[in-house]
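Enquirer: Checked TrEMBL, it gives:
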| type | residues | note |
| --- | --- | --- |
| DOMAIN | A:209-417 | domain 'ABC transmembrane type-1' |
| TRANSMEM | A:33-53 | transmembrane segment |
| TRANSMEM | A:208-229 | transmembrane segment |
| TRANSMEM | A:241-259 | transmembrane segment |
| TRANSMEM | A:297-318 | transmembrane segment |
| TRANSMEM | A:352-374 | transmembrane segment |
| TRANSMEM | A:394-417 | transmembrane segment |
Amino acid sequence: MSDAAANQPLKTADGIPLKASLARAESRARRKAFLLVLPLLAFILITFIAPIGQMLHQSFYNEGFTVREDVVSGKRTPIMVNLKQWFDENPQGSEPDEAAYAALAADLLHLQELRAAGSAGTRINYERSGSRSMFTKGARNAKKLEPPYKEAILDLDDEWSDPELWQVMRDASSGYTINFYLAALDRAKNADGEIVMVDPERQVYVKLFIRTLVLSLLITFLTFILGYPIAHLLATLPLRYSNLLMILVLLPFWTSLLVRTTSWMVLLQSQGVVNDALVASGLLGDENRLQMMYNQAGTVIAMTHILLPFMVLPLYSVMRPINPSYVRAARSLGATSFTAFRRVYFPQTIPGIGAGALLVFILSVGYYITPALVGGADGQLISNLIAFHMQKSLNWSLAAALAALLLGGILILYWLYDRLVGIDNLKLG
Amino acid sequence: MALPSYATTGEKIWHYTYLTICSLIFLFLIAPILIVIPLSFNIEPYFTFTKKMLSLDPTGYSMRWYDLLLTFGMIAPDAPRDASWWADAWENAKWINAAKNSIIIGFFSTVIATTLGTIAALGLSRPEMPFRRVIMATLISPMIVPIIIVATGLFFFYSKISIQDWGIPYLGVVLAHATLGIPFVIITVTATLVGFDHSLSRAAASLGAGPTRTFFKIQMPLILPGVISGALFAFVTSFDEVVVVLFVGGLDEQTIPRQMWNGIREQISPAILSVATILVVISVLLLATVELLRRRSERLRGVTPR
């Protein structure tokens, strides 16, 4: 009897095995915790993740050449259907024959009826400049086209026979395409569908990505050079002084970004405070005032100032707990102050340097406002080009592809930050 | 940081050089922010100190740019300044309208961000929370992802669901700003909860308080400083945000940063500096509030400053 009781699993007062009861209590606690987070998670999913998903979709899907959506009624009409059929029936690299031109002529007529030649042409124009006018002209004259269509269309504009154009139309006719990513990396498909670099004078994006990386590295380095000494000073001063000095670091952090950028515009203008001070002190002639704004120098100076607190705060939080007796011990063992710093103090601050540098780098790679205002032409970063394609050139798919590439880079860095530093250690003042 | 008595001459020189370098760096940090304050009182439309300003001549200073903030956009700016003039300013002055919009958007986005963020932080700081790391990373990501990507995504998304036809003013911008403010609320509130003594809530439960009552009577007062500073962060984030407003805001949704942005891009006038001065004063006040709250929170939780 007693043996049998000992072999029985432990039970709670209501007769349920303890293990099961515990598991149930634990899963209830987990559910409860998760339910608290759920509303916010749903909110972020709708207002943040879904928009970014939409953007990623836009980066490889563009229906400018497949569907015409009426602005007023929202009615969607498929366009270029005949041409699409011809592309489906004939493999990549087929010479466009009379049937192809007949399909094109039928589609141009359809475009004319829908008044959609402009938007369809724009889609082709993204990848082959000069194509939009060919479409509008072709659609205008579509009614007059008569067989043989090949000759009739080539009479309108002999560029219609360009194999590159046919390659672009083939890609665009399906909606889904990787061409915007290729364009974002300065690549394009040639007439045979192979991926090649675009003309050297049109290679801008890779250069801009590299410039963004180089300037971000430079800014990270400068914030480190400027941030390390003052973080060290703040960490070694008695708390009542360091708290006061900390305000000088936190005030820029709390001040509007636009205010800080405006201040730098005021300071750096050629008629601004810095130049005036230099001229007044005789260091600079009135005629050769320094050009510090609307170029890379402006971007670097203003961004270093703006991002400096993000370097100082993580450094400070790592330096503050460092025990000063380590350095004293090194000194008493005969190290010079420089050796003591290099061999004992500095290695202990490396986690802070990593955290600050990674944070500053992540933030500076995606910076938009400051370069847009003080960067001029050569101080622009990749974000500014995304804004340009969104607002000026209206090539939204290319903007989305550039943004997706930037986002990919940022997420890798963010993952690295989480692994090395941990998001929980992110502190704000 | 005092110099030890065994310091050599070289070390003494280095010590004072180091202090000088640090002072210069602090100057670099703070001077650009303070420089706009005197310049905003310039009587001339220049961005530099005039001779009169440098000699502290009162005729070199004026309030004209602050006055311009009031009158810009008014129907009858030169009318006598009676009640109807002020009504005109309240209705039509561009900067006043921008301030109204900014405050409305900031208020609602802060309320959303703080409510959802605080509840989520309570869940995140429980030890049983599943997938804590991934969820935390997701919730903080709006702070890390470049604003231009957020704005681009929202532009596509909002035009897809045609949010402007829903008839709720400011909705798109408010939701976006709430999203951008959430990471700050999460960070500050979870930081306050780190030192939270859970036996207090258990004690409350054992004395017969339900979960809601325990929350409002025990947890809430203790984490309130963190919640308020999170809310201030969220408000400042919204109050300072320009890119999303530019991308998805309607034409009538002019906020202060957007108005500043237009002012800087088109032709920068000293009126921008007077706005900047007002914003600097506001940020000083906010910083002071957050500092006080932080100290209060440390005192409440019995954490003595190191």
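Each residue, glycine too, has its Cβ placed from N, Cα and C.
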Enquirer: Ranking A:33-53, A:241-259, A:352-374 by Cβ pairs under 8 Å to the transmembrane segment (A:208-229), which is first?
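Expert: Per the Cβ count, the answer is A:352-374.
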Enquirer: Same-chain Cβ contacts of the transmembrane segment (A:352-374) under 8 Å, 6 or more residues past its ends?
Expert: 212-213, 215-217, 219-220, 223-224, 227-228, 231, 257-258, 261, 264-265, 268, 293-294, 298-299, 302-303, 306-307, 310-319, 380-384, 387, 406, 409-410, 413-414, 416-417, 420-421, 425-426
Enquirer: Using a Cβ cut-off of under 8 Å, list the residues of the same chain at least 6 residues beyond the transmembrane segment (A:297-318) that approach it.
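Expert: Same-chain residues near the transmembrane segment (A:297-318) but 6 or more away: 215, 218-220, 222-224, 226-228, 230-232, 234-235, 246, 249-250, 252-253, 257, 260-261, 264, 268, 291, 348-349, 351-353, 355-357, 359-360, 363-364, 367, 370-371, 374-376, 379, 381, 421, 425, 427-429.
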Enquirer: Under an 8 Å Cβ to Cβ limit, what residues of the same chain, 6 or more beyond the ends of the transmembrane segment (A:241-259), are close to it?
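Expert: Residues 230, 233-235, 305-306, 308-309, 312-313, 316, 369-370, 429 contact the transmembrane segment (A:241-259) from elsewhere in the chain.
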